[in-house]
């Protein structure tokens with residue numbers, strides 16, 4: 001009989017990391033019969049799945065590790081591990097800075113966690129494996145287990161874009177595409193377990209080129225068409241996309257696949273062609289707007305969110321105004337926006353940057369104020385409309401109130417029977433609040 005171990009996993013960063021954290025627990029459970037715990041003080045294994053997109057996210061890792069250091073005094077068998085992109089970037093340096101850490105593993109070596117733990121216990125030496133093995137982690141995925149009506153499905157890993165500011169190609173490695181039939185099989189299993197909404201994940205998900213058993217290659221549009229045919233799957237999302245690979249095939253899918261959510265997250269990063277060139281984004285603002293126009297010709301009411309970087313080296317007030325103009329023209333919905341964070345080893349780190357931080361903070365506030373205004377207007381326009389809600393559970397504030405999300409990712413709270421959890425429900429929107437909507441069951 002396997003010894004049961006309590007596992008605490010803290011996840012920082014993107015949805016891919018959330019997916020990876022779920023895989024960590026499943027891999028460990030196959031070998032050690034693990035149970036999750038929300039209290040790190042009660043755990044036998046503590047893992048932090050890290051993000052290195054921004055400097056603050058990196059420092060947060062060592063802050064968390066500092067909180068856990070003292071636990072070793074009362075539990076000498078405790079295993080502490082660091083995974084994710086900071087692990088890939090820092091490697092052995094994590095052990096040097098925090099010698100009490102037992103494991104350092106990258107996104108591609110999650111499947112080796114059980115063996116790393118055994119080696120640590122056998123040798124009493126910290127284990128580091130941040131390689132990009134020839135055999136991808138997709139070959140070692142455990143049987144998928146649904147947790148609710150929504151699920152993430154990873155379809156590709158890594159990125160070949162090498163945008164000048166980004167560490168992802170260095171931490172996640174080159175693009176690796178998961179076989180087409182394997183993705184469909186996982187989606188079918190999840191559907192049998194009650195999953196109704198699938199979010200397809202990849203660092204550059206719309207560049208998916210999955211090998212097929214017949215020797216051909218499937219793009220994201222073809223994959224979406226096939227997933228939509230699986231009984232039980234009623235809503236499909238994908239993230240994160242790059243404008244260059246937002247193809248006509250994918251745009252056309254919005255006309256023929258009603259299961260595709262009426263919302264798109266498409267990071268543009270900036271509104272100035274000059275800045276986009278320095279970012280090595282390989283597209284112009286005109287090309288971006290042309291693709292959005294084609295999409296809205298098919299789905300006029302689709303909402304579009306994005307990612308924005310403010311204060312990139314060399315950004316002028318004129319550049320920033322072009323960004324604001326783009327946000328107004330496209331009418332971007334709720335989006336992510338950050339001040340540029342210099343990442344060591346990236347080309348942008350060597351660019352001269354003489355814009356004062358006070359100016360960058362002011363620009364970020366102006367951008368966020370505009371984005372928030374857009375989002376509030378979109379929310380208010382939804383009042384009086386009927387929305388199809390996937391009911392996730394109950395409200396965080398009131399266990400007697402149901403909660404779910406619209407196609408455009410709005411949280412809606414409404415009264416209803418708990419038997420609706422995990423199902424779709426039609427709800428009339430009655431009120432717009434700053435961070436959510438209220439509604440009535442139809």
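A Cβ is built for glycine as well, from the same backbone N, Cα and C atoms used for every other residue.
Taken from Swiss-Prot, the feature domain 'MTTase N-terminal' applies to 5-122, supported by sequence analysis.
Here Swiss-Prot flags 14, 51, 85 as [4Fe-4S] cluster 1 binding site, drawing on sequence analysis. Reduced to three states, the DSSP call for residue 51 ([4Fe-4S] cluster 1 binding site) is coil.
The domain 'Radical SAM core' feature in Swiss-Prot is assigned to 145-378.
The local packing around residue 159 ([4Fe-4S] cluster 2 binding site), expressed as other Cβ atoms within 10 Å of its Cβ over all shown chains, amounts to 23. Marked as [4Fe-4S] cluster 2 binding site by Swiss-Prot: 159, 163, 166.
According to Swiss-Prot, the domain 'TRAM' annotation covers 380-442. Taken together, the residues of the domain 'TRAM' (380-442) have an average pLDDT of 96.
The binding-site residues 14, 51, 85 include none with a CA atom within 10 A of the CA of residue 159 ([4Fe-4S] cluster 2 binding site). Look at residue 14 ([4Fe-4S] cluster 1 binding site): DSSP puts it in coil. The residues near the [4Fe-4S] cluster 2 site, meaning same-chain residues not in 159, 163, 166 whose C-beta sits within 8 angstroms of the mean position of the site's C-beta atoms, are 161, 162, 165, 167, 168, 169, 203, in sequence order.
Distance noted between the C-alpha atoms of residue 51 ([4Fe-4S] cluster 1 binding site) and residue 166 ([4Fe-4S] cluster 2 binding site) is 12 Å.
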